[in-house]
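Asker: Here you go, one structure.
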Amino acid sequence: MSRYALIVLIVVVVAANLCEASDCGPNRVYKSCGTGCPETCENPDPDCDRACHQGCFCSKGLLQDIDGNCISPDKCP
């Protein structure tokens, strides 16, 4: 019975991670090890710790605006 429970647990964890990755929204990508200091219009080159943070981040080359949207740097106010 414990082997069955382990298989179910693995399937649930994998499914949860796949759901998170698809819920990022436009111009965002899911990373299992991203920065805790996102690149923003206000701070495009943040100095941050190297700790891994899991979640959705702006796609490469985009910055996060004040509303949390990912935009190209030339669109920053």
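Backbone N, Cα and C atoms are what each Cβ position is placed from, and that goes for glycine too.
The model shown is predicted, which means the values in this text are computed figures rather than measured ones.
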Asker: Of the listed cysteines Cys41, Cys70, Cys76, which one does Swiss-Prot record as disulfide-linked to Cys58?
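Answerer: Answer per the record: Cys70.
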Asker: Just choose from Cys24, Cys33, Cys37, Cys76 the cysteine that Swiss-Prot connects to Cys48 via a disulfide.
Answerer: Cys37
Asker: So Cys33 is in a disulfide according to Swiss-Prot. Which of these is its partner: Cys19, Cys24, Cys52?
Answerer: Cys52
Asker: If you look at what Swiss-Prot says, which of Cys56, Cys76 makes a disulfide link with Cys24?
Answerer: Cys56
Asker: Hey, how far is Cys52 (disulfide bond) from Cys70 (disulfide bond), Cα to Cα, in Å?
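Answerer: Rounded to the nearest whole number, the Cα-Cα distance is 20 Å.
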Asker: Which residue counts does DSSP yield for the domain 'TIL' (24-76) in the helix, strand and coil classes, in that order?
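Answerer: Final tally across the stretch: 3 helix, 18 strand, 32 coil.
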